[in-house]
């Protein structure tokens, strides 16, 4: 019940045990095409270029940034948590001129703040984290595509922590490139990075010179245009997933099966239903921790559905409580990074763990662990508050 | 029965269905440490830095080269097949000054040829493919560690296609960095890249400046020293796997389970026994295709145990025969690349497919497919020849 990675859906785990097939077997081609179609449903996009990068969510981020950014290009990163710093760091390694604006941890940006910065910096790429688990905040993105287009910038979004549990509209919001990982709301294991690329971003990436086998020296390559990575060169990865199936890496077939199953389960449930499920169980967890008398960190109106940051009560050893939850109750909740380290726990309700029983048993165990740590807690306060949310939701459905 | 990826061992596939745990759960730490120890057995090394990169074998190659090579560094790549070109290409993208020597496809280099080139080029890194599936050749490596050391170079080896099926002695041969993937002789799926790094290579990589969060622009970084990738920065990956468990990517836990199971199965079998198994079944396949009257491509004395390149008889449509094997017999054999395209089939006997029944059923089906394609084949010639190899081996054991 931490901020991710979380338990994978057992159906996803079983999907990985399926037999492998050859990389150019017709079944493999069909599976790749089906996977692309299923992920278009998850991403809410018509983008033909919707595929997987074979690595963790971080590989997807780096593939997007190293493929979009040439050395010296300007990138603007609005930073409101740890993963904004990661986007800045990866962009700097790609040789970009990195500009950041920062919001205090626990807050998000107003669209005008971002628009002002875009106007000032004139970036080639506006690179934004959607949901940052380090603070639990979700940056509203609805207005950013138009802001980027108005200033001829591309919008890149890291949707790792949010996708599947919070609204995400690739096409309607004008997102050019978005990447994710399976290990948060999508119900799978880390190790595959779903990516979607708009027509204009794909054209920009394709225009960068391919470096083919036979290159002998860096001098043979146009330094400005070349993509510094072979493995994460999205121009080549798109050709691999495209109708020509040009050989690149050897697809990680078991992770492909996992990614297909994650998307299939979401498509069957329906994206709206999956997001509503995360809203419901996240709301119950929020009510529950408050029912235990705990304070919640940050601007709750902009919190992701799938994670809540809970202030560790004064005088309590946060790691000892986490340790007791794990060793005595078999439940993991998260610690925190940076300025929040030692100040909050992060409790997730995402993917396969966005379930009523998972919420209630976590609140029941947390009550016991807090009581034993000397925190005065109202008996049943957490579970009762969560059940109240569930009863209201059911009443709403009945009405 | 192609040159890889091949069927994974069912025990490896089942291992991936195990439940996930949190990234800093004591069980996870134990599993990572156990995996490191098991892979030391496979690599025949005492290297503390023996771990996994989360991606395909190509990710491992790029992680090694981008972490070792600074822009302007000289690298020498002896090229004797397609994957030598890949090492050169990845090195060029990393900004290195790439020098190559080339052997005709189907041959390998004499150590003196490589020593002469090292003397002339004075590279920082000598980067060699061990076994190149494009030609089936295995470059002898025994002498190369000493040659590299004599000229103050580091020896990097891509052992993707060879490891587990052919002798590989990281420490005895003086290999500094070696990488692989699971999908060849190791019996697993693509998607995890085992890596081992010598003490002196680890020190060199660590000495390159880390780029930490907070970097705002490429100007803040020493361009010479920085590692251009975050995801494939082995300095950070080593810290993640090391005792400090510094947060980097989110480990691809299901692929970790797969990699652990591959190494566990090899450790139980014993590395010498696994290599002997590949020699036996590869020898039976070699005898079998010759028994069908087919010519074998290349210098057979330097062929990998686990793959054979078979000349497509004149007038035969190689892809039609491959199609018939797949659609009628459920067996895949490989096509070829580059100068061998359309000239040879590549038949593998590796990992879980290095088995007597797999060899014999492939030869039986190939006989039928050749006969139907109008090739005059001696009835039973392939199976009889392979059985002869098995009988001799058994007689040898009895004697």
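Please read every residue number as a count from 1 along the shown chain.
Every residue, even glycine, has its Cβ placed from backbone N, Cα and C.
As recorded in TrEMBL:
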type: DOMAIN; residues: A:27-325; note: domain 'Aminotransferase class V'
type: MOD_RES; residues: A:184; note: N6-(pyridoxal phosphate)lysine
type: BINDING; residues: A:346; note: substrate binding site
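Non-local contacts of residue A:184 (N6-(pyridoxal phosphate)lysine) by the CB criterion (under 8 A, 6+ apart in sequence, same chain) comprise A:4, A:5, A:6, A:133, A:160, A:161, A:162, A:163, A:164, A:165, A:306, A:348, A:350, A:351. Around the residue listed as 'substrate binding site', the same-chain residues six or more apart in sequence whose CB sits under 8 Å from its CB are A:2, A:3, A:133, A:136, A:307, A:308, A:309, A:310, A:333, A:334, A:335, A:336, listed in sequence order. DSSP assigns residue A:346 (substrate binding site) to a strand segment in the three-state reduction. The average pLDDT computed for the domain 'Aminotransferase class V' (A:27-325) is 94.
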